[in-house]
Amino acid sequence: MTPDVLSAGPQELEALLEEAGQPRFRGRQLFRALWREGVADYAAVTVWPKALRTAMAQRAPWGRARCLAEQRSPDGTVKWLLAFPDGARVETVLLPHDYGYSLCVSSQVGCAMGCTFCASGLSGRLRNLTAGEMLEQVRFANTYLAEADPGARVSRVDLMGSGEPLDNYTATVRFLRLAHEPEGLGLSYRHMTVSTSGLAPRIRRLADEGLPVTLAVSLHAADDELRTRLMPVNQAYPLEAVMEAAAYYWRRTRRRVTFEYLLLRGLNDTPAQARQLVALLRPLDGGAHVNLIPWNPVPELPWQASTPAAAARFLDLVQAGGISCTIRKEFGRDIDAACGQLRRREEGMRDSQGLWVIPPRPGPG
Ligand code: SF4
């Protein structure tokens, strides 16, 4: 079987090179070339003799993701539709911040969770991504930055693109560990976020991994009835189970848990719901932070964004309840920035051999 080189760690690559009759250090050289240097193919691993490059290209081939489409927003957000060698497509979004760049990484092609507000869930889950395919998204963004902003690299990754990362648990944890490797991308665990729809048993398992990553739980409602309407997964793991798992994560890692809350006009943004949210999170005793997210309209879906006044009132009430709370800055509203939107728009278009630059969608809604 062909080894999955892009999902291998330095020691596994050492073993691979040893099997090929090479000194083990050649494996580390390959890992560094793959992720620190971001080489395009074996031919570019110039620390190796040419004969070894040729031999390994036959023995253990791998292929980079290619870009099918790119959208750039005036606010600096860049979104790519990437295709892997088997044709599977995912979206990756680069976001500029004061501190540098974060990348919103996809963990699955599509998603099985079926959240009613999400474009990624509309076609279901097509397949899991490998750890290497998640790393590829970061490598791609770093390659882009090398030209767009020389010296800059992705310094934070958020597993918040398409897919439920904890539904692809093994590959997700492997990705986190490999992204942290100092000879590769060298990302701090503290600068990685795993976003989940609330798979309670997997949250506990992640807490036990000993990785100080941030956990973000998509909450979006503070009562089971509304949450089940918005997120069918709430039937399997209702709020009580999710909150217990989140509290376990907080106790075990001492990493404050972020609760994502999409603000949907007239649906979950009333004062009563803000107070309900406070009551739900208070038992975490300082271990909760609420991230209010302005709704980014998806053409196929009926929801509307909260008014600025309703959003401000909701924020005030949660803060007044003693819960840390902020409103997320809106990024890329003009470029289909909600997860899954670009892939779905592209699905009706024919594939291209090169880069497609798509004009911005005209206004929200
Ligand atoms: S919001 Fe996340 S978990 Fe829910 S369907 Fe979309 S990608 Fe899946």
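One-based numbering along the chain as shown.
Any Cβ shown, glycine's included, is placed from N, Cα and C.
Here the structure is a predicted model, which means the values were calculated and not measured.
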Based on TrEMBL, name the residue from SER188, SER195, SER306 that is recorded for the same S-adenosyl-L-methionine site as GLY163, GLU164, SER218, LEU219, HIS220, ASN296. SER195
For the recorded positions GLU91, SER195, LEU219, HIS220, ASN296, which sit with their CB under 6 angstroms from an atom of ligand 1? none
For the C-alpha pair, I'd like the distance in angstrom between GLU91 (active site, proton acceptor) and HIS220 (S-adenosyl-L-methionine binding site), rounded off. 23
Which one of the binding-site residues (SER218, ASN296) has its C-beta surrounded by the most other C-beta atoms within 10 angstroms? SER218
When the Cα of GLU164 (S-adenosyl-L-methionine binding site) is compared with the Cα of each of the binding-site residues CYS111, CYS115, CYS118, which one is closest? CYS111
Might you list, by sequence position, any residue in that chain lying six or more from LEU219 (S-adenosyl-L-methionine binding site) with a Cβ less than 8 Å away from its Cβ? GLY198, ARG227, VAL242, PHE259, GLU260, TYR261, LEU277
Over the domain 'Radical SAM core' (97-334), work out the mean pLDDT and round it to an integer. 94
According to DSSP, folded down to helix, strand and coil, what is SER218 (S-adenosyl-L-methionine binding site)? strand
